[in-house]
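Features as listed in Swiss-Prot:
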MOD_RES   Met1  N-acetylmethionine
MOD_RES   Ser2  N-acetylserine
DOMAIN    9-340  domain 'Kinesin motor'
BINDING   Gly96, Gln97, Thr98, Gly99, Thr100, Gly101, Lys102, Thr103  ATP binding site
COILED    346-579  coiled coil
REGION    374-412  region 'Disordered'
COMPBIAS  393-411  compositional bias 'Acidic residues'
REGION    580-747  region 'Globular'
REGION    699-747  region 'Disordered'
COMPBIAS  701-710  compositional bias 'Polar residues'
COMPBIAS  722-735  compositional bias 'Low complexity'
Amino acid sequence: MSKLKSSESVRVVVRCRPMNGKEKAASYDKVVDVDVKLGQVSVKNPKGTAHEMPKTFTFDAVYDWNAKQFELYDETFRPLVDSVLQGFNGTIFAYGQTGTGKTYTMEGIRGDPEKRGVIPNSFDHIFTHISRSQNQQYLVRASYLEIYQEEIRDLLSKDQTKRLELKERPDTGVYVKDLSSFVTKSVKEIEHVMNVGNQNRSVGATNMNEHSSRSHAIFVITIECSEVGLDGENHIRVGKLNLVDLAGSERQAKTGAQGERLKEATKINLSLSALGNVISALVDGKSTHIPYRDSKLTRLLQDSLGGNAKTVMVANVGPASYNVEETLTTLRYANRAKNIKNKPRVNEDPKDALLREFQEEIARLKAQLEKRSIGRRKRREKRREGGGSGGGGEEEEEEGEEGEEEGDDKDDYWREQQEKLEIEKRAIVEDHSLVAEEKMRLLKEKEKKMEDLRREKDAAEMLGAKIKAMESKLLVGGKNIVDHTNEQQKILEQKRQEIAEQKRREREIQQQMESRDEETLELKETYSSLQQEVDIKTKKLKKLFSKLQAVKAEIHDLQEEHIKERQELEQTQNELTRELKLKHLIIENFIPLEEKSKIMNRAFFDEEEDHWKLHPITRLENQQMMKRPVSAVGYKRPLSQHARMSMMIRPEARYRAENIVLLELDMPSRTTRDYEGPAIAPKVQAALDAALQDEDEIQVDASSFESTANKKSKARPKSGRKSGSSSSSSGTPASQLYPQSRGLVPK
């Protein structure tokens, strides 16, 4: 049975980082004041008047920029980890704006012992506690996951594209299906697991943070402890420590996020808004519904917020005036979270404890190994009874051998048996009185015995190695408890824890004194004169008036914040309505009514996966259809042995299940012929045809030219050169009618 415990509030601490280089260069003012002793954080309005009172918030503990990592761990987180080691569930998560130091608080700086965060310090704490424990067995497992754009990814898996599903069981609550878990035996191993996961985590650069976490990461450590109770039986306690590093809320105008970074920021802000709504609903006593299912982050933190867990919330803020709105929002949510009530209980004897499975498997293997050793002992006794007439000396030797064998001297036993078989083999080979066949038979028997002996030895060694491997995963403390250094370290840690507890009590007492100061002053006030009474009451009136103004300013800020949230919700609603109208328009115009009604009838909402699905059309849709049975001999139909033999002997169609009639192919007559190429190339043939072609005769009509020449000769005067002139005149038309050779044309 689980031990029930009274409800306790979520413990909330605030940590303020120092001003960074960009804020100093831009000359921003420091508007956050931290009072570590009183546990108060005050925020001044950078745009307000000089008389305006700062807004003050009180928490369980506050830490300024001078706080060390180990101080934060010893005072705030060490008691929670101690509770996990006792069997409670515990959660530590950092909340706040991007760039305020959440990852630094949770992980710190690697390689620097003084700047290690909560996660590495918790590793040392857990394994140191295990090494100092007595009469207890521990099993430590580690898992690492991230929520990136509302998708769960296993950071320790080789396949980073695989998306995991959230499931819920009545006995264990919400869990991640198929999440890998690694058994770790030391701080070095669990740090290696964390480093592998950090390499796969989504990180990006924005204007506000160079190494901004773009996903919510959860490192889960499961510690199982087995201890013998008063009833003499083993009882197992299981504690689970969730170390959550949330991505920071951010505004697009400040971070300059675009493209993929803007999509990431949208999903981050949605999940953080869902977390804020869960916190508000848990604090508000009127809420009947807690919206855990609004995001995967709130579903995973369901036990941590109002459930079976002890929770510490670290609110990280920045001191610059540039981020005053985000700082106030973070402090308001953290102030609300103080009022969340959890009901933690010790998880005793769960059904799915891996430690119990390990113990049962080790016990089974040991019983199997013991059974083998009993079989060997019985065989020795039989051999001893068979050779009992050999005298008392031999019996004494065998008893001595048995004592040695029972004293875990197994190697000597195997060696002795092997040497004995070798001697017997040698004796058979050297014995010339035996027939060759008999000798071979005896040698084979001895070889078989040696092989059986070898197999038995290998099986025993394998069982022993398996037992050692499984026992090595179970951590048992008390081995170094006598060590003086270890004892001194233990005393030192106890003193540090006492100092941290004393500081916490002093802080609580001072807070109570501050709240009761006003009541005591009112009761003890006595006035010596009317003027003194007027002065004191005027002073008190001014103080109350300043408080009234601060409350009015707080109400005004809350109203403005409410208006902004309402406007954002209205904008989201309008976008969703517009998208819904578009989908309805497409359905009405492009999808038939019958198909629409079929889809509407099949649609249902899956609450576990948080989205709509379709019922299968038939019951067998998700099952594999059964195939027709196939013949064992390769035929399409099953055939008997007689039918197969008849088919081979006689080519009859009676016993054939396929290819009953064997026909030759009926080839058609040929309708084409082979191509024959020309004897002479086509270009050469064309040139020859052109050269051998007959040319047409050219006929020239010169009658018109002759009549013209005769007329000219009659018109000329007579002279002594008649013949010459006539020859020249007659030669002129001939030169015009017939072309003359120009000789060789130059290239």
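Even glycines carry a Cβ here, placed using N, Cα and C.
With respect to Cβ neighbours within 10 Å, the binding-site residues Thr100, Thr103 differ, and Thr103 shows the lowest count. Under the DSSP three-state reduction, Gly99 (ATP binding site) is assigned to coil, being neither helix nor strand. A sphere of 10 angstroms centred on the C-beta of Gly96 (ATP binding site) encloses 28 other C-beta atoms. The sparsest Cβ neighbourhood within 10 Å, among the listed binding-site residues (Gln97, Thr98), is found at Gln97. If you average pLDDT over the coiled coil (346-579) in this model, you get 69. Around the Cβ of Gly99 (ATP binding site), 25 further Cβ atoms fall within 10 Å across all displayed protein chains.
A 10 Å cutoff on Cβ-Cβ distances gives Lys102 (ATP binding site) a total of 26 other Cβ atoms nearby, all chains included. Annotation for Gly101 (ATP binding site): same-chain Cβ neighbours under 8 Å, separated by at least 6 residues, are Arg15, Arg17, Asn316.
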